[in-house]
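S.K.: Before I ask anything, let me first share the structure, which is written out below as structure tokens.
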Amino acid sequence: MHSRSCLPPLLLLLLVLLGSGVQGCPSGCQCNQPQTVFCTARQGTTVPRDVPPDTVGLYIFENGITTLDVGCFAGLPGLQLLDLSQNQITSLPGGIFQPLVNLSNLDLTANKLHEISNETFRGLRRLERLYLGKNRIRHIQPGAFDALDRLLELKLPDNELRVLPPLHLPRLLLLDLSHNSIPALEAGILDTANVEALRLAGLGLRQLDEGLFGRLLNLHDLDVSDNQLEHMPSVIQGLRGLTRLRLAGNTRIAQIRPEDLAGLTALQELDVSNLSLQALPSDLSSLFPRLRLLAAARNPFNCLCPLSWFGPWVRENHVVLASPEETRCHFPPKNAGRLLLDLDYADFGCPVTTTTATVPTIRSTIREPTLSTSSQAPTWPSLTEPTTQASTVLSTAPPTMRPAPQPQDCPASICLNGGSCRLGARHHWECLCPEGFIGLYCESPVEQGMKPSSIPDTPRPPPLLPLSIEPVSPTSLRVKLQRYLQGNTVQLRSLRLTYRNLSGPDKRLVTLRLPASLAEYTVTQLRPNATYSICVTPLGAGRTPEGEEACGEANTSQAVRSNHAPVTQAREGNLPLLIAPALAAVLLAVLAAAGAAYCVRRARATSTAQDKGQVGPGTGPLELEGVKAPLEPGSKATEGGGEALSGGPECEVPLMGYPGPSLQGVLPAKHYI
């Protein structure tokens, strides 16, 4: 009796344990990591149905999905990351993501979406990152993103937008609208007070409205490259906290005046490449005392004496010049094509100058200079009753350039919410945040119950070393990835590799996703003799934030011409050499055909005349010469040959098969003879 009463509970417990273990991985997917499902390159038009309910990360990119059925995400309340990129999705039903109450990352890049409605992202109260780039979005309803009050990143590049609705996103840190067709942005359209990075490249902007950036007090990274700006926008002067400014590709800008960029003392990276500049302001040191990266390639520089300061300034201030091999002189003719950094002072054609040096005569004792522990240059004490004496020196050497003093004060209002600014060990400012706030600029409040991993720590880790890139062939570059295999304490999900051609007209960014286990990767299908910028970003597992982006530049080698050159090369340089033999062969073939036809007709006439003299068909002169031999294996000919060759086009058949040595390789291709 006792054993019978215990049997049903034991069976019930066994069934429960087996039921929990049967919960497997969806077909065509991988579940190697806990609470993570990878369905990469799975061929299916719908979302897999049998996803475990405790899944935190679901990756179903490049699956061929065309539609999202209502209820396809039901039963996944703990899902935090959903990757639906590189599919064929054309529309999103209203409320399709509403069951995903804990979703924080949604990637819909590279689909075929046309519209975003007010109901598309309903219920996603915890969403922090939304990627909608490389779609066909033409219309976004006003208020489509208003409910996403926790959104930190919104990416809409490479779409077909013509009008942008007002955006009210108080916590947004990154907004990417690049490569749409939005020729104008009205003032007040961006209600994003905390945005740090704003990318407006390739919109077709002709000007920037004066009030466009009025509320963006936290803006540090501005990209307005590849637009149609005709002059430096004056609205940029008010962005005192700007550290990175990209103006490349605005080919109508022909001049930069010092007052155009006045007040940007915090600027560290400036990109003015591919403009129409013939010179640069000589007081860049005072304008940008913290500048460490300058891109000025593909400008028609006039390398005369007013530009002689550039090379010494770059070297003395340790400024990194991006793409120095493309920063060349266009004028005057003697310097055309030369690298700007390779020119000496005398190469700029500066006249022999008479320099008046002021030599102070000191009556009092000169004390030793006071050395400061800061990065500022040593200062000399004031001198007592100095008198000056002028001495004239004839010199052709460049004027001595004093290094720019390092500023000791931080930009105004750079730290938010009461944070204090200070200079770090490398003379880069950093913010000390008060209790209750966090972030690089103290921009994010620490909320109760919020995980610290969702907000970047302060200060940020030091940037990675530059990438190691080496050329493999004229169309490929090899990127070394060993750094992500050795000594990495963060569990990596994958690597994101992006590259773009800096030399050609198409500068669109190409994005690849690589496994984290690769030691190196070869980027193929590149253009020869071109400069490429390649960046790699490690992607952490789960909710771990992205690592620092490591970038580098490399050149593909020159294409080598050989005896086995492809057809595309022969079209450019060797086209006449190929046409001349072909024309000669055609001419010889025509002459040979005409001569043979003439002989056949004359022989036929002779044979007709001899028929009256009882001469048999087998003893004709054409048969003795062997002209009729090719007719036997060819088309059906009569024994006499006279009927088959009389009149009509049949007489041309033996000419096509005539075994002439000079025309053997040409005649088969000439079917029109």
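We count from 1, first residue shown onward.
Glycine residues also receive a Cβ, built from the backbone N, Cα and C atoms like all the rest.
On a predicted model such as this, the values are computed, not experimentally measured, just so you know.
When I checked Swiss-Prot for this same protein, it listed these features:
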- CYS410-CYS421: disulfide bond (DISULFID)
- CYS415-CYS431: disulfide bond (DISULFID)
- CYS433-CYS442: disulfide bond (DISULFID)
- 406-443: domain 'EGF-like' (DOMAIN)
- 369-389: region 'Disordered' (REGION)
- 608-648: region 'Disordered' (REGION)
- 54-75: repeat 'LRR 1' (REPEAT)
- 78-99: repeat 'LRR 2' (REPEAT)
- 102-123: repeat 'LRR 3' (REPEAT)
- 126-147: repeat 'LRR 4' (REPEAT)
- 150-170: repeat 'LRR 5' (REPEAT)
- 171-192: repeat 'LRR 6' (REPEAT)
- 194-215: repeat 'LRR 7' (REPEAT)
- 218-239: repeat 'LRR 8' (REPEAT)
- 241-265: repeat 'LRR 9' (REPEAT)
- 266-288: repeat 'LRR 10' (REPEAT)
- 1-24: signal peptide (SIGNAL)
- 25-576: topological domain 'Extracellular' (TOPO_DOM)
- 598-673: topological domain 'Cytoplasmic' (TOPO_DOM)
S.K.: Using all protein chains shown, find which of the disulfide-bonded residues CYS415, CYS442 scores highest when you count other CB atoms within 10 A of its CB.
M.R.: CYS415
S.K.: Write out how many residues of the repeat 'LRR 3' (102-123) are helix, how many strand and how many coil, based on DSSP.
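M.R.: Secondary-structure composition of the repeat 'LRR 3' (102-123): 0 helix, 5 strand, 17 coil.
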S.K.: Where else in the chain does the repeat 'LRR 2' (78-99) make close Cβ contacts, counting only residues six or more beyond its ends and a cut-off under 8 Å?
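M.R.: Residues 35, 53-68, 70-72, 105-117, 119-124, 131, 542-543.
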S.K.: Pick out which of the disulfide-bonded residues CYS421, CYS431 has the most other Cβ atoms within 10 Å of its own Cβ.
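M.R.: Output for this query is CYS431.
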S.K.: Quick one: DSSP breakdown of the repeat 'LRR 6' (171-192) into helix, strand and coil?
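M.R.: The breakdown for the repeat 'LRR 6' (171-192) reads 0 helix, 5 strand, 17 coil.
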S.K.: I need the CA-to-CA distance for CYS442 (disulfide bond) versus CYS415 (disulfide bond), whole Å please.
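M.R.: The Cα atom of CYS442 (disulfide bond) is 6 Å away from the Cα atom of CYS415 (disulfide bond).
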